[in-house]
Amino acid sequence: MRLLFLVLLVLLGLIQYPLWLGKGGWFKVWDLQRQVAEQRETNDGLRARNTALEAEVRDLATGVGAVEERARSELGMMREGEVFVHILPPGTPLPSDNSTPQASALSKPRPPATPPRR
């Protein structure tokens, strides 16, 4: 009787091995489910990013307003006749008087460039 019990216990162990540790066992399935969940999160984030980029491309292709907004914010461009006003945060020291001569030096017209002699 004891021998029969041991044989059945060994057979049970042999049957359980592929279920838990085999090629398609539970540990492998759990790991694959975790990988699928991570990939779904990544895909959702990329899908949202693609939607935002598509909207931006659509705006840039159809409207002048988006191009103008981008030129103003990223390149600092202004329309002719506009005045740039820079509001300093509280506690920021005011620019010194030394900045005025630099601004006037920049506004002086340059002499025309002469071509190099050959």
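Even glycines carry a Cβ here, placed using N, Cα and C.
Just so it is clear, the model here is predicted, and its values are computed rather than measured.
If you look up Swiss-Prot, you'll see 4-21 marked as transmembrane segment.
Summarising the annotation, Swiss-Prot assigns topological domain 'Periplasmic' to 22-118 and lists sequence analysis as the type of evidence.
On the 0 to 100 pLDDT scale, the model's mean across the coiled coil (28-62) is 94. The coiled coil annotation in Swiss-Prot covers 28-62.
Swiss-Prot lists 88-118 with the feature region 'Disordered'.
Per Swiss-Prot, compositional bias 'Polar residues' is recorded for 95-105.
According to Swiss-Prot, the feature compositional bias 'Pro residues' maps to 109-118.
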Would you mind listing the long-range same-chain contacts of the transmembrane segment (4-21), meaning Cβ under 8 Å and 6+ residues beyond its ends? 27
